[in-house]
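Colleague: For A:30-181, the entry in TrEMBL reads domain 'Cytochrome c assembly protein'. Annotation comment: TrEMBL describes A:60-81, A:93-112, A:124-143, A:155-177, A:197-218 as transmembrane segment.
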Amino acid sequence: MIHALANPVRFLKIARPLTPILLFGGLGLLLFGAWAGLTRTPPDYLQGETVRILYLHVPAAWLGMGGWTSIAIASFAFLVWRHPLANLAARASAVPGAAFAAICLATGSIWGRPTWGTWWQWDGRLTSMLLLFFVYLAYIALARADAQRGGDGRIPALFGLAGTVLLPIIRYSVIWWNTLHQGQSLTLTKSTIDNAILWPLAFTLSGFSLLFGAIVLMRMRALLAAGKVEARMRRMAAA
Amino acid sequence: MKAKHQRLMLAGLGLVAVLGASGLALSALQDEAAFFYAPADVAAKAPPTDRAVRLGGMVEAGSIRPQPDGVSIAFVVGDGKARVPVTFSGIAPDLFKEGSGVVAEGRFRADGSFAADNLLAKHDERYMPPELAGKMAAAETLEQ
């Protein structure tokens, strides 16, 4: 299964038609979710209208962590099976993951000012998420330097695996430590967000996730194309 | 084939070690990484009085009293196990009210009370429309 997908030609055959499906499907879900979240839901009993930022904040947090999860899985696959596509998948997930982590931090800060009365506090959840953002930046710099110097991608892959240390810390920070950030509202089976407020989140969450997939596929295709260009230039220079 | 299995083992062990490290960090930092002292922590072990700390808990119902100077308030922060009296002068956030969470920044006095110089409202994980919150409040009143 892994080897069938790992062939670049076969990958492109699937990725080419899949990219627009993910992109436009994601945008559609996202726009509907945003419209519903802005006009079709009641305000919260305490926070009032500021609660609506959750339709952006929660997907951004989920994909900020999801982006690193895919880096970790792809790095693992690359280290074990040594397939270059896994390396590309890890590199392609880094920039969108970092962007979503940044959106999560920014929207959280904007929400925190009216709700908590502060833009920023060094509590466990906020600090660990900020660390994840910095780790993304470090990974992006490392992967780029490795590729430019003709490295085999093993060092960024090891870094991708090591960075996974942050994911459980972010997840459990609000459970294990006293934090200003509230405890988790959503688990797989239940939610402490009332359904009247919750339902558009399903649309923005799936919309952003499809969009993330589309961006990763586009970046992987761009990286593959760049590799091809470089190989051709090298052949031409040698001839 | 053998090398591949070896790498699988090594990478798997590496991942387990990394996750184990994060578990250790979480439990080892339990006290250090706490954002605030809860009243129960204060009761168990006297907090430092010589530096700024934070106190977090629920504002006890009926405990907010305006002070004679007109700008200060006094209230009690509790967590079901212990209670700490707090004084504060300044502007409290909108969400600061009785029965909801608060994180106060300031210092403990020698007598165990807390002098806050900043208040942060702590929101909980429940989100609901106002009608529903009204119904829940009504149900709670009926039960009493």
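Positions of Cβ are set from backbone N, Cα and C atoms, glycine also.
Curation plays no part in TrEMBL annotations; they are all automatic predictions.
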Colleague: Six or more residues out from either end of the transmembrane segment (A:124-143), which same-chain residues have a Cβ under 8 Å from its Cβ atoms?
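Modeller: For the transmembrane segment (A:124-143), the list is 61, 64-65, 67-68, 71, 90-91, 94-95, 97-98, 101-102, 104-105, 108, 153, 155-156, 159-160, 163, 166-167, 169-170, 173-174, 176-181.
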Colleague: Among A:60-81, A:93-112, A:155-177, point out the range having the most Cβ pairs under 8 angstroms from the transmembrane segment (A:197-218).
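Modeller: Ranking A:60-81, A:93-112, A:155-177 by Cβ pairs under 8 Å to the transmembrane segment (A:197-218) puts A:60-81 first.
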Colleague: For the domain 'Cytochrome c assembly protein' (A:30-181), what's the model's average pLDDT?
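Modeller: Summarising the domain 'Cytochrome c assembly protein' (A:30-181) by its mean pLDDT gives 93.
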